[in-house]
Amino acid sequence: SCDPCYSRAILSNDDVLPQTPLLDLLRRDFWGTPLEHSGSHGSYRPLAVLSFRLNVLLAGGHVGHGRARGFHVFNTLLHTAATAAFTRWVRVLTSHRRRVLTPWVSGMLFAVHPVHTEAVAGIVGRADVGASLFFTLSLLLYHEYVTNRNTLYLAANLLMGVCAMFTKEQGVTVFAVCMAYELVAHSSRGPCTTLRALFGRSHRTLTKTEEDARSTRRLLTLAVGSILSVGLRTWLTGSRLPTFAAADNPASRCSSFLTRAFTFFYLPAFNFGLLLYPSTLSFDWSMDSIPLITHVLDFRNVISFVFYTMNLLLVFRHGLEIFSSWPRCLNSESVSKNYNAPFHHLNRDSYSSHCLCTTISKSTANKPKNVEDNFVRRQDSIVVTVGVAMMVIPFIPASNLVAYVGFVVAERVLYIPSLGFCLLVGHGFVILLEKLGDKRSRKNVAFLLTMTLILILIALAGRTIVRNRDWKSEEDLYRSGISVNPAKAYGNLGNILSVKGQYEEAEACYRKALLYRPNMADVHYNLGILLQSHQRFDESMHEYWVAIQHRPRLAVAHLNLGLLLGRVGRVAEAKIVLRVCAGLDNTGLRDPRTHRTATVACLFHLGRLAMEQGRLHEAVDVFFEAVNKRPDFYPPQSLFNMLGEAYSRLGRDAEAEPWFRASLSVRPDHVPAHLTYGKLLARNVSEAEQWYVQAERLAPGDASVCRHYGQFLLAQKRYAEAASKLEEAVALSTTPDFEDVVAAATSLRMAGDFAGAERNYKLAISLRPEDTSSVANLGALYHLTGRMEDAEARYQDALRLMPEDDVTRTNLKRLWKL
């Protein structure tokens, strides 16, 4: 993928730019919104944003669609590293005789699983991929700590857990997974006994032996580390929970408790289905993509029941295996050397850390094969239990169990839970293969099973390739999501097609989106922009009004409506709309930056309308209001220039000049400021001309610059130069400006170029046939050059247009006297 699909976290986020102070990363969320703002998403991922910033630095400090490849390469490398770390973790976790096949199967499945496409191909998915890498590294370091008892590994484990949390929120769950791993694999007293001692009154039993004390210290360290990590994040971000629109998670806004319960119970089963059979994938699962479960007889409740029952049975069965094996593992004297042989790869401390018991009872000492089978079965149960923990615990923050989230289903959220899923599948396949391969008569079945696995991996890889093609461009991505979320997909597709100039298809997409969901304010607004660009002003204004009705604080809709009303001459209504927009509050809005930009722009255009009406004092007040409300990210040069021009028109040149200079100090290449400042300095001819020359250098081929420069030269009676600039302005304009043409004709006449003057007067008449002055001036030109018949005809034409024109009548009498 080479387009930054779905990446507002980069394209609209100043935090990724090198000039933004690094400390700002700690004060803003993943999307660049200040954390203290009520509309903040609450996604605090400074390490992910820091990685984006690194990409931008490598790209030369620029962000854009043409520089997306580096971001995608980085994501792919992270996915590769996450896969390698996960494969290593599976190898550590599984028993000795399965340390080749299980990691290979689990790692391959994780590497090619289609549900990971959003996290890897979508740039914002880096948070999930990076958090997964830190998550797995934290588990590996915890294993090393237990094995080697080196506190440096513990410190590194805690650091990786914090890094996982600061890359994505769910990364903090690694501490809970480590605790589960400790309880089922390393606690010498067993999970139930340990938990009863921790939360009961028998605390002394936790330190009865040295191994008990070590396990207790490890559990307490993990618990304290988890609490401190969550506390640190809460201190940095605040305890306020973010708010989301009803369309983001419809069940959360449903008044029926049963509907919420049924739907939220079903969603984990649906997510598990995406891992099990990823045939239907989508960039967005919000709105009505998954209908609410409103009735107890809905078949999806059966799916939920089966899903939870199977998981409980799985955990219960393997939990019993772990618990029942504890006495046999711990209450004996010695183990024969023959039994220890398969575990020679462990150091002397790793028997207890793996619960590969160092002693067995006398009754079983002569039965190493049976004891080994018991240990293998227990190790299998540990793998299954840890796999379930890795799948379930990281998913809890996204399950609406702790707090409502801003989505229904998000495929990238499954990236970390899929670690547990892939572990379970890989482990289950190896066990099944061993059972079928024990008997010679079933070797063919084992071969078929292996081939089936290979075909499944190939099919998943093929599905991933196809899904990556969907993520190759935003258009492909949105088209692929039409079957799942047509309203959102058609709305976004309309935006893409509109940018490409495919206006008819874009309009059709907008209208299809509104058929599915008529209350989408953004779609109404975008449709209004499209209609306005095709001069369909009445329809466009209607769409803006509807957008405002559905979202009263959509500032950009107010802004565009106000501008359009002013354009069609409804200035009074325009000023009302712009004034309302300027007073809109941004509390709780998801994108306060765009909102504040629009409100200041409303004040700018409100002041401009006041200037056009000649209400200059009102314009000054409005521009000052805009300057005071302007946020730091709003470019001020236009505001400063307009404020200077308002003062200049009031004749208060001393107050105007500082604003012109302020505009040029902010942006030295701001052409309008050069032109208006040049007008102010017109009394000082040499200085004024310097500004016009500077403007011409900054904007070569700009009709406005040529026009103003030509008018200045005409006022200085430098007619030939004025005529050259004014004719250039006419040539550069798409539609020749009448005033430019007349000024060019006048300059040419005064410069003695009568042929050029005639040409421009004729052009002026063609532009405005009813304008008397152009016709009369052409007659005067003919009169001056001795073309009496042509002059008389033009004078007569002018008098037909305006019989009371005394100047033309006098000229005609003079002509007759000749």
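Even glycines carry a Cβ here, placed using N, Cα and C.
Please treat TrEMBL annotations as automatic predictions, because they have not gone through curation.
Features reported for this protein in TrEMBL:
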{"type": "DOMAIN", "residues": "239-310", "note": "domain 'DUF1736'"}
{"type": "TRANSMEM", "residues": "257-277", "note": "transmembrane segment"}
{"type": "TRANSMEM", "residues": "297-316", "note": "transmembrane segment"}
{"type": "TRANSMEM", "residues": "382-407", "note": "transmembrane segment"}
{"type": "TRANSMEM", "residues": "413-433", "note": "transmembrane segment"}
{"type": "TRANSMEM", "residues": "445-466", "note": "transmembrane segment"}
{"type": "REPEAT", "residues": "487-520", "note": "repeat 'TPR'"}
{"type": "REPEAT", "residues": "600-633", "note": "repeat 'TPR'"}
{"type": "REPEAT", "residues": "637-670", "note": "repeat 'TPR'"}
{"type": "REPEAT", "residues": "772-805", "note": "repeat 'TPR'"}
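The list of residues near the transmembrane segment (257-277) in space but at least 6 beyond its ends in sequence, with Cβ under 8 angstroms from a Cβ of it, reads 113, 115, 251, 290, 292-294, 296, 298, 300-301, 303-304, 306-308, 395, 399-401, 408-409, 411, 414, 417-418, 421. In the domain 'DUF1736' (239-310), the DSSP tally of helix, strand and coil residues is 36 helix, 0 strand, 36 coil. Here the repeat 'TPR' (772-805) has Cβ contacts under 8 Å with residues 742, 745-746, 749, 754, 757-758, 761-762, 764-765, 811-812, 814-815, 818 of the same chain, all six or more residues outside its ends. Helix, strand and coil residue tallies for the repeat 'TPR' (487-520), in that order: 27 helix, 0 strand, 7 coil [DSSP]. Per DSSP, the repeat 'TPR' (600-633) is made up of 27 helix, 0 strand, 7 coil. Per-residue pLDDT, averaged across the repeat 'TPR' (600-633), gives 88.
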